[in-house]
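K.L.:
Pasting in a structure now, in structure tokens, and then I'll have a few things to ask.
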Amino acid sequence: MLTDTASLQTVLDVVGVLVFALSGAIVAVRRGLDLFGILVLAWVAGLGGGIIRDLFLGITPPVAVSDWRLLAAAVTAGLGVFLLHGTWEQALLARPHARWRRVSSVVRLLDAAGLAVFAVSGALVALDRGAGPLAATLIGGITAVGGGMLRDVLARQVPEVLQRELYAVPALAGAALVVLLQHLGLLSPLTAWGAVVLVFVIRVVAVALDLNAPRALRSTPVD
Amino acid sequence: MLTDTASLQTVLDVVGVLVFALSGAIVAVRRGLDLFGILVLAWVAGLGGGIIRDLFLGITPPVAVSDWRLLAAAVTAGLGVFLLHGTWEQALLARPHARWRRVSSVVRLLDAAGLAVFAVSGALVALDRGAGPLAATLIGGITAVGGGMLRDVLARQVPEVLQRELYAVPALAGAALVVLLQHLGLLSPLTAWGAVVLVFVIRVVAVALDLNAPRALRSTPVD
Amino acid sequence: MLTDTASLQTVLDVVGVLVFALSGAIVAVRRGLDLFGILVLAWVAGLGGGIIRDLFLGITPPVAVSDWRLLAAAVTAGLGVFLLHGTWEQALLARPHARWRRVSSVVRLLDAAGLAVFAVSGALVALDRGAGPLAATLIGGITAVGGGMLRDVLARQVPEVLQRELYAVPALAGAALVVLLQHLGLLSPLTAWGAVVLVFVIRVVAVALDLNAPRALRSTPVD
């Protein structure tokens, strides 16, 4: 098992890059982009959050450009989606009523997994670099939402973080939990993965139940 | 009163975050976003410029994630708009001819205030970190336009900085004035706030008079 | 001729800023922006890539705000396009069948030149700051595509890097070539400019032949 913080961080990073890169690659296919467009969007979605995290913490160059394993994870995700997309769609056509056939549901599941992993990873790295509790929590949240945000801005769709269901909240909660665990001396690979699972579950439940935050009252549209 | 540079910078930052965050929150309500979308856009608009400033100056982590007062200012602005928006709209409906009823005018006024405050704050922090005159002027200008630019990109509207009336020019002028004041040994909280007022007035007059820069001659649309 | 790395980097930077700023200014005119909008988009397109490069390498403040020559190059490009645009369009109207009359072709040529110059410049600066081979290659690629990406996001058009023809590939190839040349001890101003020409030619040929990467198979549109 994982015994030290460095390897825990690396595993979290590779998993997070992989799932976010898959989400980026699928969005790219949906937009009709070619192989290189798919790879670019996979890279941006997978590594964007970590790049923001590293810039915020003064880690230069960001691990996203210096660690070949992260690059390999993003490229693998992009190539995988490129090669398997046709097969997958054929399988979906054979089962027209499957709920998971909607591409957007798959993207949201992957996005939820990336959100969970990067919230914890962001907070861990920030604590490791001596950031205070508030900074570590916010950096965890920003790391989690950053990649998806860049993906959506480049693909010109409404950023997930501004959509209706709870999105940044589970990420911030997960990062705050990591900060609390460290403060209590309970931070270990096991509890860190527990925080990942918690964020993922909250986010998936929020999407499934369409849990919305309240909106400001608007009597009539006013420009 | 303010006696040292550090407290001047903090007051400028809190005021700037507050007004820019209000602008972000109002744009979010207009887009039909829910409470968390409002808070995200308030945070991005309020703190985006300062984050860019800090990254440009190597201040890590950016004060936007480490100073709870800035976070509190952004959250207060977001919650305030969320809670009061309904009431405000009802009041507006009762006075259909009020010029300030247009939401976009209110956003632009707030945006002008944030622009003015951050232009001065950005130049001050840059000088404080040893940046040269040119760098301090440009960083002041970028700090001033950065938050509004991120707000507009995320909310998918045309960035204010590319709109028609004078926008970046007053910001750059205010930052240059701060650099000049420091060079002349005249920089004090009083003169700094004078520069803030100057930028604000120029911007508001530009919007009010619809002062446009000239455009390139275009005989016919050519693709 | 150029005898040292520093002056080579400066020349590359000035040329790259100039051509990318021209592309930004032309896009701005096409969007109907006024003089200041043109200058902003010229600045963003010309200096965006170098800013990302410097932030990735911990060079603060970025040379984009501290070197007046880069600012002068961007402003010159913006003013030039602003002043000459009318004349140029009249000349085009007189030759309705000229292939280069399409504004988008001119933007793409300039963009290709900027891509080539910044790919090499990005890799050179990264190597100079002690980045490893992988990081130097990726930073070269990101420097090359960054300015155009920011230009397109702000101008709300589909980023060139996600478009159909080979775009990031020639940039990454050029950066990798610089890394290889340095490894072999063959890096000189001559070979560096050779790499620039190579990237430019690959990109222009890709556009001219409409060289597309393959796309993922899609039997039917699925949401």
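Note: Cβ is positioned from N, Cα and C throughout, glycine not excepted.
Okay, so TrEMBL annotates it like this:
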type	residues	note
DOMAIN	A:11-85	domain 'Glycine transporter'
DOMAIN	A:109-182	domain 'Glycine transporter'
TRANSMEM	A:6-28	transmembrane segment
TRANSMEM	A:35-56	transmembrane segment
TRANSMEM	A:68-88	transmembrane segment
TRANSMEM	A:109-127	transmembrane segment
TRANSMEM	A:133-154	transmembrane segment
TRANSMEM	A:166-184	transmembrane segment
TRANSMEM	A:190-209	transmembrane segment
K.L.:
When you scan the chain for residues with a C-beta under 8 Å from the transmembrane segment (A:133-154), skipping those not six or more beyond its ends, what do you find?
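P.N.:
Answer is 20, 23-24, 27, 41, 44-53, 56-57, 111, 114-116, 118-127, 160-161, 167-168, 171-172, 174-176, 178-179, 183, 199.
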K.L.:
Examine the transmembrane segment (A:6-28) against the transmembrane segment (A:166-184) and state whether at least 3 Cβ pairs sit under 8 A, considering only residue pairs 6 or more apart.
P.N.:
no
K.L.:
Could you give me the DSSP helix, strand and coil counts for the domain 'Glycine transporter' (A:109-182)?
P.N.:
60 helix, 1 strand, 13 coil
K.L.:
Report, as numbers and ranges, every residue of the chain located at least six residues beyond the transmembrane segment (A:35-56) whose Cβ falls under 8 Å of a Cβ in that stretch; write 'none' if there are none.
P.N.:
13, 16-18, 20-25, 27-29, 62-65, 70-71, 73-75, 77-79, 81-82, 114, 118, 121-122, 125-126, 139, 142-151, 154-155
K.L.:
Please indicate, using numbers and ranges, the residues of the same chain that are 6 or more beyond the transmembrane segment (A:68-88) and have a C-beta under 8 Å from a C-beta there.
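P.N.:
Answer is 10, 13-14, 17-19, 21-22, 24-26, 28-29, 35, 38-39, 41-43, 46-47, 50.
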